[in-house]
Every structure is written in C-alpha cells, then in structure tokens.
Amino acid sequence: MVDLVKRFLQLEAASGIILFFTAVLALILANSPWSEIYFSFLDIPVQFRVGSLDVHKPLLLWINDGLMAIFFLLVGMEIKREALEGSLSSMRQAGLPVIAAIGGMIVPAAMFSFIINDAPQFMAGWAIPMATDIAFALGVLSLLSGRVPLSLKVFLLALAIIDDLGAIMVIALFYTAELHTIPLLFAVALSAMLLMLNRSRVMLLTPYLIVGALLWLAVLKSGVHATIAGVILGFAIPHIRGATHTPLRQLEHQLHPWSSYFILPFFAFANAGLSFSGLSWTDLGSGLPLAIIVGLFIGKPLGVMLVSWLAVKAKLAALPENVGWQQLFGLSVLCGIGFTMSIFIGGLAFGTASEAFASSRLGILFGSLIAAVFGYILLRNATRTCQRKEQKRVSSQL
C-alpha cells in the first residue's frame, strides 16, 4: 500500500510540473500574435451524431464536459479506494484530513461571499476558492524532494480527495442547469443498472464502461453537469479490500497516466489562456479577482489551520506522524492552489464565454501563484527548522 501511495505521489508531482508549463504556454499564446489561432482552435465545432441523438459543441466544451468526466471517473475510484483501504478507511486516519478539508471549503467560500456581497452578479462564483489542485500542490511539494515526511504528502492527498468530493457535491447541487425529465430518468435507470452490476459481482470492466458511456450522454442531456456521470461510474467499479488485482485497480492504473499527462494538462491549456488585453494591475485589487485571491490565499489556509488546531486541542484528531504545526501551516497555504478545479468551477458558474469567467481566471491564476510561492517558502523554512531541531536532539544524546 505504501508503494502504491509513493507511485501515485510521484505521478501527481510530475503532472503538476507539466500543468505549470501548459498553463504558461496557454497564457503566452493568448497574449501573442498567434492568439487568434489559439482561440479559433478551442472554438472548432465537434459533432457526435447517432440517429436522432445529436451532440454538437465547440472543442472547449468537449474538453470540459467529456475529458473532465474521465478525470472525475478517476476521482470517484480514488475516493472509493481510499475509503475502503487507504487514508480515509478509518476515523483515526481520516479524522484530521476530513475536518481540515471541511474548514478549507467553508472559510474561503464565506470570505468570497463577504467581499463580493455588493456585486450579486458575481455571487455564483462562491465555490471557486474552495478547490485544491492536487497535481499542482504535489508538484510544488516535490521541489522539496525527500525533506518533507511522507505522512505530510499523504495528508495533502487525503485532504484533496475530500476537497474533490465536496466539489462534486457542490457541482451536483448548485451548478445544475434546467433539468430535463426524460434524460434524467434514463440517467437514474442507468445508475441503478451500474449498482446492479456491482451487487451482482460482475468483474468485467466492459459492461460498466458501456453503461457509463450511455450514462454520460443521459446526464449531459438532463441538465446535470456531465462530469457527475464519471463520479457515479467510479463509485460503481468493483473493488475488494486487500486484493491486488481488481477492476478498480486495473482501470485506475490504466487511466492515471492519461489523466496526469494528457487530460489535466490539455484542460489547463484550453482554460488558462487568459488575454490580458484591456486588463490592468488595479483589476486584481477589486471585485471578483480580489475575492478569489483572498479566498484562496487567506481563506483556504485559515480554514484548514483553524479547524485543525481546534480538532487537535479537543483531542478529536492528531497531527500526522513527524509533522509539526509549522509544516502543516505551509501545507495549508499550498492548499490555496486552486488552478484547474477552480477554473472548472468558474466555467460552470459564469459560462466559459463570459467576461466574469475571464475576470475569475485572473484571480485564480494570481491567487494560485501566490499560494504556491508562499507555501513553498513556508514549507522549506519549516523543514529546515525541523532538521536543525533533530540535529540538536541527536547531538545532545551523544
């Protein structure tokens, strides 16, 4: 299990570095003489048609609705596996990450709502600063190489998984468009079929994937965001605790490199391309961008640290092994890297073609960048302090 976690962390860390470069490339293209080619590429119409069924969207929406459904399929499987046998499988292990994640969702959302209170047209973006980009956060953490204890990385992984679960619930409950009854009934029936396959202990992946593809179409047409289909399918894929070869492990192993090295970087490339034309530095200090920056950089670490401190003092949870408060504070700042998940929620809140979405991306990019830089500095200083204390302790015993 430890080797599995280490491989996962290495893959996510590498993905975070690739994400950074694809986001920078998108920003360069969006503000270069090739900007028209970049935006035209994202606007290419793509059509899927079978009989009377017709799905016609620009490439950008296929990325956000289609490729991200595969990403959320992986998220669903990760949540299920961690709940059965990983870092969320017992209250002792899951206690602090769950509590910290809840605080890290409530406080930034509350701060955003307070700042944006005078601009109700932007209130739909309240969930934007709730998210943590696990790939980016682990990418920054990897820059500290072996100086950070594994328990701190596992804590970040568990917290981010709970964050993802919270994001899934928010998307399902608050970012659903007008519902269409017949496709929704089909989606319910197909979800029930997946449950029956699981209960019948069907161990072949093919039936799940066929029903899952139909479920994606039904959910897409129902008005509920299509990524929810990926989560439902992920929960349905069978897994046996302690078994080394299960359908869930097989599919997770196959999808993880695609998600880390293609889906998330491609999503970042498609959505991070913000044109700075007409924008000024003063825009960062007002309205929507400011609310997002404050939510990510101040609200996120404040929420994580405050509830963690209260939980530990009340003896409801304990700090991870070999982790001190300084390290946890640095990690909590790192949790403010919202990036891909925040951009995704921003697109749902405002629509990808709106000025509000462009403004939200400005706040997300700068808020995530500030969180990454300060989180890295704080963690580096905290690990140096811990190393000096350990050296003094060892030398005093000699």
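From the backbone N, Cα and C atoms, a Cβ is placed for every residue, glycine too.
Per Swiss-Prot, these features apply:
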TRANSMEM  8-28  transmembrane segment
TRANSMEM  59-79  transmembrane segment
TRANSMEM  96-116  transmembrane segment
TRANSMEM  124-144  transmembrane segment
TRANSMEM  154-174  transmembrane segment
TRANSMEM  177-197  transmembrane segment
TRANSMEM  202-222  transmembrane segment
TRANSMEM  223-243  transmembrane segment
TRANSMEM  261-281  transmembrane segment
TRANSMEM  292-312  transmembrane segment
TRANSMEM  328-348  transmembrane segment
TRANSMEM  362-382  transmembrane segment
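For the transmembrane segment (124-144), the partner stretch with the highest count of Cβ pairs under 8 angstroms, out of 96-116, 154-174, 261-281, 292-312, is 154-174.
Away from its own ends, the transmembrane segment (177-197) comes close to residues 207-208, 211-212, 214-215, 218-224, 229, 232-233, 236 of its chain (Cβ-Cβ under 8 Å, at least six residues beyond either end). Residues 53, 55, 65-66, 69, 73, 179-180, 183-184, 186-187, 190-191, 193-194, 228-230, 232-233, 236-238, 246-247, 250-251 of the same chain, all 6+ positions outside the transmembrane segment (202-222), place their C-beta atoms under 8 angstroms from a C-beta of that stretch. Between the transmembrane segment (223-243) and the transmembrane segment (59-79), the number of CB pairs under 8 angstroms, six or more residues apart, is three or more, so the stretches are in contact. The stretch in closest packing with the transmembrane segment (292-312), judged by the count of Cβ pairs under 8 Å and taken from 96-116, 328-348, 362-382, is 96-116. A Cβ distance under 8 Å defines the sequence-distant neighbours of the transmembrane segment (261-281), meaning residues of its chain 6+ beyond its ends; these are 14-15, 18-19, 22-23, 25-27, 29-31, 35, 38-39, 42, 59-60, 63-64, 67-68, 70-71, 135, 339-340, 343-344, 347, 352, 358, 361-362, 365.
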